[in-house]
Amino acid sequence: MVSTTDERRSSSRGGRRRRGTRGRRRRPEPAPRGRLTGGDVVRGVFRTFGELLFTAGLIMLFFAAYQVYGKQFETDREQTQLAQGLEEQWETPPGPDSEPLPGAANSRMYIPDLDMNWVVVNGVSQEDIRYSPGHYTDNAAAGQVGNYAVAGHRTPGIFWDLDLLADGDEIVVEDRENFYTYEVIESHTVTPDQVEVVDPDPFDPDNEDPTRTLLTLTTCAPKLNNTHRLIVHAELTDTRPKDEGMPESIADMAPENAGQE
């Protein structure tokens with residue numbers, strides 16, 4: 001026989017269990033994972049493709065910035081080394097049969113209106129003009145009758161602002177003995193196959209016996225492209241021996257700043 005006290009205890013224990021069960025919060029079961037639909041796959045592909053395009057765009061942007069501005073440091077460094085070598089070369093008497101070596105420094109060019117000057121090297125191959133303007137070695141030398149033609153890349157530190165030159169601006173070329181001052185007489189754009197611009201007389205390509213003393217600069221046009229060539233022609237107006245000092249137009253352009261603004 002169960003006593004009343006035992007019934008109360010049993011009832012009390014049973015009540016506590018029931019209250020405990022009602023007070024406990026049950027965790028929601030995770031929702032079953034549905035299958036990927038065709039739309040999910042397409043959206044994922046487009047999202048991945050967009051991310052790849054964005055990354056590729058950033059890489060191209062950084063590469064273009066380096067091509068335009070990053071090479072300025074390299075150009076300045078190489079120009080400094082070329083300037084030192086040129087000074088040493090001029091201090092050494094030339095041999096009787098000295099031949100210009102490809103890529104070797106041969107002169108210095110100043111453009112006061114651009115506040116720029118460079119060491120010019122022999123040759124116009126991609127390697128020759130990587131960090132310097134290059135002289136077409138089959139053409140006349142600086143100061144000689146004919147066409148002293150020089151090519152340079154359209155990059156900051158070289159011929160980036162060549163399109164800013166105007167008729168009447170001066171270009172000065174320095175060699176071992178003299179300063180030659182040329183005056184710009186014409187600028188124009190041509191296609192790459194119009195090679196007559198570097199002929200001995202670009203204004204009369206059929207003339208094999210030139211009488212004018214000219215200078216021609218060539219570079220790519222427009223900027224960041226090479227579909228055309230920007231051409232600047234200038235004509236000699238003055239020859240000044242170096243023992244008479246630098247021409248007034250470049251008196252404040254120190255040689256050690258070659259290739260720099």
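The backbone N, Cα and C atoms fix where each Cβ goes, glycine too.
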Looking at 124-146, 193-215, 239-261, which stretch does TrEMBL describe as region 'Disordered'?
239-261
Looking only at C-alpha atoms, tell me how far C220 (active site, acyl-thioester intermediate) is from H153 (active site, proton donor/acceptor), rounded to the nearest Å.
7
Within 10 Å of the Cβ of C220 (active site, acyl-thioester intermediate), how many other Cβ atoms are there?
20
Which number gives the other C-beta atoms within 10 angstroms of the C-beta of H153 (active site, proton donor/acceptor), all protein chains shown included?
21
